[in-house]
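Quick look at what Swiss-Prot lists:
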- 60, 90, 93, 174: Fe cation 1 binding site (BINDING)
- 90, 142, 174, 177: Fe cation 2 binding site (BINDING)
């Protein structure tokens, strides 16, 4: 197994953070929208799709920050590797949503550095509470993200087949990440913390739709 020193790991995370916030992340898998015919959207529908996909892109910026922080401060190598693997898979989502935003003639959230910093802080706190609680944070996060993506599939214009294809694959991946964290011994997040996470998510999604 390749040994990665703490300094090398820091450099990797720093490089990843720069790529995440600058919008130059590269996907390791083809976009689910590849080969899907682009439906005809009027201006209002295009703006609405762009707003929802911007929210989804912000979610992936936050996912990158969370996983990087949790990997950085994980207490065991196995958990660290799981966070790093999930982070690489989530980077696909980041690239896919950024590409779709460009196709819709829009842009990522202007507040991405703020979202990233806040999510990294939350991930650090979760990791410091121990691996079981950190994994539980992943399970709850992925559960909320899955619900949010499924809601978006109902809110996107039905003819926006490209965005729908991306969101559907993202939802399936989130389920897999949550299941993997659960299998590693996740400890459930307390109800009060769940409500706090939902409140933070509401602020983020409402703001990112417009900015």
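Using N, Cα and C of the backbone, Cβ positions are placed for all residues, glycine too.
Taking only the Cα positions, the spacing between residue 177 (Fe cation 2 binding site) and residue 93 (Fe cation 1 binding site) is 13 angstrom.
Residue 90 (Fe cation 1 binding site) sits 11 Å from residue 142 (Fe cation 2 binding site), counting Cα to Cα. Geometry remark: residue 93 (Fe cation 1 binding site) versus residue 142 (Fe cation 2 binding site), CA distance 13 Å.
The number of other Cβ atoms within 10 Å of the Cβ belonging to residue 90 (Fe cation 1 binding site), over all protein chains shown, comes to 24.
Apart from 60, 90, 93, 174, the residues listed for Fe cation 1, the same chain places the Cβ atoms of 59, 63, 89, 91, 92, 94, 145, 170, 173 within 8 Å of the centroid of those Cβ atoms. Cβ packing within 10 Å was compared across the binding-site residues 93, 177, and the lowest neighbour count falls to 177.
A simple Cβ count within 10 Å picks out one of the binding-site residues 60, 142, 174 as the most packed, and that one is 174. Each residue in 63, 86, 89, 138, 141, 145, 146, 173, 175, 176, 178 lies on the same chain as 90, 142, 174, 177 and has a C-beta within 8 Å of the C-beta centroid of that Fe cation 2 site, without being one of the site residues.
Across the structure, residue 174 (Fe cation 1 binding site) and residue 142 (Fe cation 2 binding site) place their CA atoms 5 angstrom apart. It is 11 Å from the Cα atom of residue 142 (Fe cation 2 binding site) to that of residue 60 (Fe cation 1 binding site).
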